[in-house]
Each structure stands twice: as structure tokens, then as C-alpha cells.
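Database features (Swiss-Prot):
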| type | residues | note |
| --- | --- | --- |
| ACT_SITE | His374 | active site, charge relay system |
| ACT_SITE | Asp410 | active site, charge relay system |
| ACT_SITE | Ser483 | active site, charge relay system |
| REGION | 332-568 | region 'Serine protease' |
Amino acid sequence: MGRQWGPSMRVAEQAGCVVSASRAGQPDAGSWSCSGVILSRNPGLVLCHGGIFTPFLRTGSAALTQTGTAFLPGDSCSDDLRLHVQWGPTAASPAGRADQELPGLCTPQCASLGLEPGAPSRARARPLQPPRPAQLLLLLSCPAFRSHFARLFGADAVDQWHFVSSAPDDAVSEEEEEDQLRALGWFALLRVQRGAAAEERRGPVVTVAPLGAVVKGAPLLACGSPFGAFCPDIFLNTLSRGVLSNAAGPLLLTDARCLPGTEGGGVFAARPAGALVALVAAPLCWKAREWVGLTLLCAAAPLLQVARWALARLHPGSASLSVLLPPPDVSTPRGLPLRDLGPPWAAAAVLVECGTVWGSGVVVAPRLVVTCRHVAPREAARVLVHSATPKNVAIWGQVVFATQETSPYDIAVVSLEEELNGVPTPVPAGHFHEGEPVSVVGFGVFGQACGPSVTSGILSAVVRVDGSPVMLQTTCAVHGGSSGGPLFSSGSGDLLGIVASNTRDNNTGATYPHLNFSIPITVLQPALKQYSQTGDLGGLRELDHTTEPVRVVWRLQRPLSEVPRSKL
């Protein structure tokens with residue numbers, strides 16, 4: 001994953017674990033499981049997701065919604081709750097020794113899949129420590145997370161936000177879905193039974209990044225166990241890389257791809273190396289029945305503040321536990337503005353409102369914005385352009401050009417009544433390199449409520465006609481509202497193109513946010529330069545008169561006599 005990730009990967013894998021909850025004497029009742037973060041090995045302290053505890057709450061999940069409740073004592077759950085924590089080898093427990101003790105795929109679920117122990121499986125299987133019993137110290141939440149969640153998601157009934165660990169069409173009871181929604185933002189602090197002294201290193205396992213120290217666009221590493229306690233030999237501490245896409249106080253979003261079971265897993269920074277930034281609150285987010293490709297996080301620092309406060313109140317005689325919780329990383333600056341976009345080029349993204357329609361845009365000159373035709377479709381229409389950086393401003397503008405609906409290039413140009421002071425003008429790229437890291441900045445998902453989001457990926461394809469680029473494809477997550485936003489090179493910061501659309505399967509209705517299309521800036525730059533210098537729209541008008549091969553590309557059609565069948 002690159003040299004910069006080495007230290008973070010080691011910390012993540014040392015801190016990752018899986019937590020299982022079951023009922024005493026009821027093995028047939030099944031179990032609940034999630035991922036967790038080892039905060040301290042001696043004594044053993046683990047922070048995990050609170051959703052697995054809702055079946056055990058004496059008063060039901062309604063206890064999690066009481067106003068002013070930031071924590072619940074461990075005895076809020078029934079006496080038949082049994083907890084176990086499992087992790088991989090520690091530094092004092094080499095993989096070789098564990099491999100000798102636990103031959104092959106050691107969990108029953110893996111054996112039931114037909115993965116029999118043997119030399120090949122032993123080489124691939126992950127050595128594990130035996131599950132250890134644990135005690136629930138308290139359930140805790142971050143009030144600020146819940147407040148921001150209610151503001152951003154609570155009243156959005158029309159868009160039907162969906163956070164359960166399944167697709168919207170899957171069979172999930174209303175009661176189960178309500179329990180999962182109530183448990184969002186709730187976590188649990190556990191004390192793990194002590195193991196062999198030789199394996200225990202006293203003190204915190206991780207350091208914690210202060211709230212606001214990681215800015216939008218910063219690289220993140222998520223570590224969790226897909227499907228929880230199922231087959232940890234294979235899935236324990238699976239890594240996923242992404243960036244901090246957006247932030248509202250302690251409520252964070254990342255485009256790192258996480259699966260059900262990774263709830264409670266840790267999310268770590270590349271710089272400072274291995275600092276714990278957040279825990280996974282919901283690995284799958286759906287909006288209007290479409291997967292948005294983002295993971296919901298809760299910042300770790302405020303959670304640990306609640307944990308210290310709660311331990312002092314619930315366990316006055318256990319002050320040593322509070323002391324052993326990880327401290328914030330003092331080398332990280334505090335109090336960075338939460339709306340800081342990080343990379344300076346990202347500030348060129350703006351929100352464009354045209355009547356009841358809104359989308360994204362990019363500043364290409366102090367008084368010139370480019371967006372999509374379907375965002376601002378009528379020439380001479382007045383639009384309102386919002387910029388979030390360096391400060392929130394709104395400036396009126398007029399659509400001076402919009403391509404015709406028959407044009408394959410979905411483009412509109414807005415002339416502003418005033419200059420957008422302080423907004424950097426991006427450098428247009430002259431060349432494109434397939435495979436290079438790229439970023440999309442746009443107002444999809446939240447619109448103006450939370451500022452622009454940043455998603456990362458690679459330039460997966462450059463489609464050319466007669467040797468000239470006419471379409472760019474990326475693996476960045478692109479959502480409704482991102483249309484018209486900029487596509488940047490993550491390395492150079494150069495403007496590569498204008499986001500036009502993601503992909504939708506008309507047969508199934510499924511949307512694929514990680515397959516999307518952008519208009520290369522090289523198609524637009526000569527005409528934009530001509531208009532900016534002379535006011536002449538002639539170059540832009542040429543976008544309405546493209547060749548048939550370009551139209552074929554943007555219709556996503558091939559000039560074949562027979563459409564090839566999929567072999568899948």
C-alpha cells in the first residue's frame with residue numbers, strides 16, 4: 001500500500017480485534033459480533049460498536065435515545081450477556097508460534113465452507129489468539145455526533161437515508177432497522193480478561209488524533225473484520241484505504257470501502273503515522289435506495305473524553321483505567337478548522353443553484369464558473385454560486401452559455417457579477433495518465449449543509465477519438481449533486497476535467513458511484529480562454545457541433561453489428 005502506510009498498517013493490525021456477544025446457556029440463539037479497537041493490553045481495554053448490545057438492553061433500544069444520555073452503565077444489559085474478544089498475534093506473540101498452536105483454518109465457520117486444515121491453508125490462514133472473556137464496563141456515545149447526525153440525516157425523509165448493514169430491498173424487520181438506527185453513534189468500552197503475562201504490554205496501544213486535526217482529503221486507513229466473528233482466520237483486520245471525504249464536528253465520512261461487521265473498527269491517519277482518527281459507525285450508507293459508497297465514522301477523541309468522564313462517575317475506584325486510555329497525540333496541532341478542505345486546489349469547487357436545481361461547479365477564472373448543462377440549462381438564466389472557502393459567500397451570476405441537449409458535452413458557463421476573492425484558480429492539465437491518483441470535489445450527498453465532499457480514486461480510462469481525449473473515467477465515488485464538479489490530479493493538483501455523470505443500469509435501476517465520466521479539460525480550455533480574454537462564445541458554440549464518433553462515445557454505444565454477451 002506504499003511506504004507511507006507501513007507504520008499505520010502495523011498499528012492498525014496490532015490494535016484491531018473482533019468482539020462477539022451471546023446469551024449464556026443459549027448456543028442455538030446465535031451471536032452478535034462487530035469489530036473493535038484495542039486501547040490497552042494491560043489492563044485489557046477495548047472500544048467496539050454498541051449495536052451488538054441492543055438485544056441485551058433491559059429496557060430495549062429506547063434507552064439509547066433518551067435526551068441527555070451520553071453513557072449507560074454495564075448493568076444496563078441483562079445478566080446473561082457473554083462477551084469474547086479475539087485478535088491476532090501481538091509483538092510478544094510471534095506469528096510463527098501462534099501458527100504452530102493453531103494449525104490451519106481454526107474457526108468452525110471456515111471449516112464448514114470446505115476449507116480444511118492442511119499445509120496450503122496453514123500458510124494462508126491468519127494466526128489468532130484464543131477468544132478471551134470480556135466484561136462490559138459501559139455503553140457510550142458522543143452527543144455532538146448525534147446532534148450533527150440528526151441535523152444532516154434526521155429530517156431527510158424524502159431522500160430515505162438508510163444505514164442498516166444490508167441493501168434497502170433485503171428482508172430486515174422494522175424493529176431491527178429501528179434498533180440499528182438508534183445504536184448509530186453508540187459504542188462500548190470493554191475490559192478483557194488478562195492473558196499470559198509474557199504477551200501483555202502495559203499501556204495504550206494507540207495514540208488518538210485530536211478532533212479537527214485531520215482535514216478533508218487527508219488519506220485514511222480503515223481496519224475492520226468484515227462479517228464480524230465469521231471466519232476471522234480470513235477476514236480479521238482487513239484493510240481499506242480512502243480519504244476523509246467530509247466532516248461535521250465528530251461526524252466524519254470516508255470513501256474507504258467497509259463491509260458489514262466492520263462497525264467499531266478503527267480508522268487511522270497516515271500522518272501522524274498510526275494515530276486513531278475515528279471508529280466506523282455505519283459501513284454502508286444508502287440514499288434514495290442507492291449506495292453512496294461512503295462510510296460513516298465517529299471521531300475517536302470525543303468518545304474517549306466521554307469514556308474518561310463516565311469511568312470517573314461509574315467506577316470512582318478505578319481511576320487507573322481512565323489514566324490508561326490513549327491520550328491525544330500531542331504532536332498534532334489542535335483546533336484546525338473543520339471546514340478546511342486540506343488541498344488548496346479543492347477550494348475551487350463551488351455549489352451552483354439555478355431555481356430549484358442545484359449541483360457543483362468549478363471556478364476557472366475569478367468571475368467564471370463551469371458547471372453542467374443539466375444544472376444550469378438555460379442561457380441568460382440567473383444562478384447563485386456558493387463558495388465555502390476561504391469563507392462562505394454567495395454571488396449571483398448569469399449563464400452565458402449552455403450546450404444544446406443534442407451535444408454530447410454537458411456543459412454550462414456562468415459569468416459572475418463579482419469576483420470570488422481568495423479562491424484559487426486551478427491549473428488546467430495538458431496530459432492525462434491512466435492509473436494516476438485523482439480526486440473529485442463536489443456537493444453531492446449533503447449539498448450546502450456540510451460543504452463539498454472529497455472522494456479519491458484513480459484515472460481508470462482515457463477514451464480518445466482521433467488521438468484526442470474526449471472522455472475520462474475514474475473510480476472516485478460520485479453522487480447526485482456532484483455533476484459539474486472538478487476532477488483533480490491528487491498529485492499535481494491540476495484540473496483534469498468536469499464531472500458529468502456516474503453510471504446507472506437501466507435494467508436493474510442500480511447506480512454505480514465508482515464508475516463515472518468526466519469531460520476532459522483539454523476539450524474546454526481553448527474555448528474558455530477565448531471567452532475569458534475576448535468575450536467571444538464562438539469556441540464554446542463549437543461544442544454543439546462534435547463529430548459522430550464523439551457522440552457515439554458519450555452515448556456509451558459501440559458501432560458493432562452485435563452486442564457481445566457477458567461471460568459472467
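Quick reminder: no glycine exception, Cβ is built from N, Cα and C everywhere.
Location within the structure of each feature annotated in Swiss-Prot.
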residue	record	DSSP class
His374	active site, charge relay system	coil
Asp410	active site, charge relay system	coil
Ser483	active site, charge relay system	coil
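Among the active-site residues His374, Asp410, Ser483, the residue whose Cβ has the fewest other Cβ atoms within 10 Å is His374. Note: the CA-CA distance between Asp410 (active site, charge relay system) and Ser483 (active site, charge relay system) rounds to 9 Å.
If you take the Cα of His374 (active site, charge relay system) and the Cα of Ser483 (active site, charge relay system), they are about 8 angstrom apart, rounded to a whole number.
Confidence across the region 'Serine protease' (332-568), taken as the mean pLDDT and rounded to a whole number, stands at 87.
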